[in-house]
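Heads up: the structure comes next, in structure tokens.
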Amino acid sequence: MASKNYDDVLKGKYPAKEHARRVVEVIRSSQPDVSGVLYLEGQKTKMIEDNDSEEHFRQRRYFYYLTGCELPDCYLTYDIATSRSTLYIPPVDPESVIWSGLPMSALEALQKYDVDEVRYTHEVNAALTSLAEAAPSSTVYAIPNQVSDSITFLGFGAKNFDVLKPAIERARVVKSDYEIALIAKANDISGAAHLAVLKRVRHVSNERELYATFLAECISRGAPHMAYHSIVAAGRAAATLHYVKNDEPTAGKLNLLLDAACELNCYASDITRTFPISGSFTPESRAIYDTVLRMQLETLAMLKEGVRWDDVHIHAHRVAIEGLLAAGIFKKGFSVDEILESRTSVAFFPHGLGHYLGMDTHDTGGNANYQDKDSMFRYLRVRGTLPAGSVITVEPGIYFCNFIIEPYLKDEKHSKYIDAAVLDKYWDVGGVRIEDNVVITKDGYDNLTTAVKDAKEMEKIISSS
């Protein structure tokens, strides 16, 4: 689904009941006779320690997936036999109304959310007992450590705390049209914010000014929450993958790496762009940028339903090696295959090519193996084949991080491939990463990210602003 179509999709309700049916089907794949009730609790209101103010509220993603409800202190029951979904919301607290106004009513919640019934939270135990009495041998499925002490589950034949959480995680991999629409809209908002930073980068003196520009643009477009802490990294700071200081001077530095994106109604976007602060790439920066862009374009061309993500990641390393050979950082005379086999390219591209994206920036279902003895795959967050309907980031990068590269320079196994004298010309490049968000389709992919990444176009925007 192209991003331009998202407004029509988002006119409807978040498809919570469709998601509940998906979860039941996942459970049924291993338990054909599944019966009973799915039980979930939303995030509770929490107070800041030693303070009378509430913590920032963030809904539990497992609860949101089956409700679309962003209210705190709620519960959900889903009767598998009848496919009946009931949301329980807090009743009116007169003292709270003084400060916060009237809360959403049960009728308003029923009109807003894709559920069959809305009741109040003091009714949940009675409702659970009634569901259990209707099917005495049935099971209640819940998530461990997410059941309040006041909840009894009396009358159920069994309590299962093992299957619901992984079932939701599996179901979340393939997105509904509504979910894709939310991610697409978040991408468009984030893309506009990236453009605002491009237009301002030449006129600021500190990273924090660009950080503020990005936040302001997202908030003004209706997305006040970021999907993750923004990375606004000038110069050599861009070699730190998750740099979060965002308060260093920009003067005298070559490039800015901006990894920043908003979330919309609990759904994340995740975009990275790298561009010259002055408006013109240096030859060294342009060589690395072109290599990273080719890494992305060639791996994007491989994407379709059933592609093995490990293979796509390996190809990104091949292109990186070709680019580093062309730049002279890897010594001539060695083959791409030989350098690939040595894993020396991991010094410059140490992370995985991408990750699933959804309600979490690093979304569920990736089956990563962080104990993999092969350094090329240790931080690959998705393993195996990609299903149609999944949303994944494609974010190759090349970095010049002294802390990471120095051990390779001291190890003959790797140092024989690296020309240290040429490498010295590239430290100020810092790091280059380019990241888009794509939906996997049967025969290819749909790129949801609209932020500009053509080198000449970025230079033109910066120089003319």
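Just so it is clear, glycine is given a Cβ too, placed from its N, Cα and C backbone atoms.
Values in this document were obtained by computation on a predicted structure and should not be read as measured data.
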Candidate sharing the Mn(2+) 2 site with D259, D270 (per Swiss-Prot), from E95, E435, E457, E459: E435
Swiss-Prot Mn(2+) 1 site partner of D270, E435, selected from E217, E305, E322, E395: E395
Most Cβ neighbours inside 10 Å, all chains, among the binding-site residues D259, D270, E395, E435: D270
Other same-chain residues whose Cβ falls within 8 Å of the Cβ centroid of D259, D270, E435, the recorded Mn(2+) 2 site, in sequence order: A260, A261, I271, T272, T393, E395, R433
DSSP three-state assignment for D259 (Mn(2+) 2 binding site): strand
Cβ-based neighbourhood (8 Å from the centroid) of the Mn(2+) 1 site, residues D270, E395, E435 excluded: D259, I271, T272, G354, T393, V394, R433, I434, D436, N437
